[in-house]
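Visitor: TrEMBL lists these features:
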{"type": "BINDING", "residues": "132-133, 167-175, 193-198, 222-223", "note": "S-adenosyl-L-methionine binding site"}
{"type": "DOMAIN", "residues": "28-72", "note": "domain 'DUF7884'"}
Amino acid sequence: MIDALIEEVSKRTEGGLCVELPDGRAIGNGTCRVRIKDSKAVRNILRNPEMGFGEAYMKGDIEINGDLERFLIACVSYLKEKESDKSFRNSLIRNILKVLGFLKFVEGKEVRKHYDLGNDFYSLWLDSSMTYSCAFFSSKDQSLEEAQAEKRSIIYEKLQLTDGDKLLDIGCGWGSIILEVPKLYNIQTVGITLSKNQYEYIKSKIEREGLQDKVRVYLMHYEDLPSLGEKFNKVVSVGMFEHVGKGRHRTFFKVVDRIMDDGGLFLLHTIGKVLPETQSQWIRKYIFPGGYIPALTEILQATKGLGFNLIDIDNWRLHYYRTLKEWRKRFYQHREKVIQKYGEEFFRMWELYLTSSAVSFLTASNHLFQLLFSKGVVNDYPIMKRYFLPAYEVLK
Ligand SMILES: C[S@@+](CC[C@H](N)C(=O)[O-])C[C@H]1O[C@@H](n2cnc3c(N)ncnc32)[C@H](O)[C@@H]1O
């Protein structure tokens, strides 16, 4: 049976595969060489190809002597055709937890597990603004720092930031937006995060930069936002919606609806699928427990009957491909440090996460949507984009 599976993936691999099995047998004579060292790995891959491969790769039971990205592109093409969606069962479990009132607690733990790995870890491979979301590249030689700054400036422009606005950032990360905006405009900003490390990092930056009167940060779940008793005319959420979870998107929009002023603008920046599709089980188990990549149709459906009016949509899919490649390049540069602190298995897990995510954007399994909504119908927004999407060459 493994022969048939290898043949399927090999057909889809540029240059073909040559797979060496634990019993010494070699299948295929392609240029991408794969060595499976453990027979248990073979059994697990046959049972569940995506999870079996991911776990074996992390443990070092599989070596790819060639290009991991090229191999994963072939795997995606194979899995797209074969895999069934298990997300329904998971969403059922989450909904039971929600009814029991445990969900916020579970979500907090899930989110902290990822973001509280250590600010030192993230600073090794994120840009200096510590932005952990898709950047916008407008030229080939742009640095990651510049591309992240350009992304932020596009967001400010879309939100039509003006002196006197009040801006909320839901899932503010290490605060790149809430800390920058008051330096550019006379605007008060508020950010929320579930990560203690991020919260403390922002707190100390607020003090160091003397921004106490302009910036506030809360360690808070988005569902608790109404308890602030405040309204905002500009709201942004970048790379957080992926944590909301299947069946919870409407709850999220209801909260945003409640805390927004009429006539305000809300920019939602999220990874998405065009239509509901298979989710990666390996990513959900090892990288983003509880995460769910929403489909565009699910996002829009979740706003039904609320006050949101869709103004604009962008898809920055290949910009995320390039962002992930930049992160991975930096991550590789710190290989020894990461292994020393977190171990070889952790390194391989993150290598696979960064590479498979890049491949997911390259192969259009995932997209990056920016949706701009007004609260109520607003007609005085610009109707021309200021940029043309750069060619694929820029984003490779
Ligand atoms: C991928 S990071 C993006 C951070 C930042 N927006 C950026 O672009 O760099 C996701 C952020 O969402 C936050 N988050 C996830 N679930 C949340 C929730 N239920 N309530 C509030 N924040 C949440 C995390 O703590 C983290 O700060």
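The chain as shown is numbered from 1 upward.
Positions of Cβ are set from backbone N, Cα and C atoms, glycine also.
Predicted automatically and left uncurated, TrEMBL annotations should be read as such.
Set these features in their place in the structure for me.
Guide: Following the DSSP three-state reduction, the secondary structure of Trp174 (S-adenosyl-L-methionine binding site) is coil.
Mean pLDDT for the domain 'DUF7884' (28-72) in the predicted structure: 91.
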Visitor: Looking at the binding-site residues Leu168, Leu194, which sits with the largest number of other Cβ atoms within 10 Å of its Cβ?
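Guide: The residue with the densest Cβ neighbourhood is Leu168.
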Visitor: Taking every protein chain shown into account, which of the binding-site residues Tyr132, Trp174 has the largest tally of Cβ atoms within 10 Å of its Cβ?
Guide: Trp174
Visitor: In the domain 'DUF7884' (28-72), how many residues does DSSP put in helix, strand and coil?
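Guide: Counting residues per DSSP class in the domain 'DUF7884' (28-72), I get 25 helix, 9 strand, 11 coil.
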Visitor: Can you name the residues of this chain that are 6 or more positions from Asn197 (S-adenosyl-L-methionine binding site) yet have a C-beta less than 8 Å from its C-beta?
Guide: Tyr115, Asp116, Gly118, Asn119
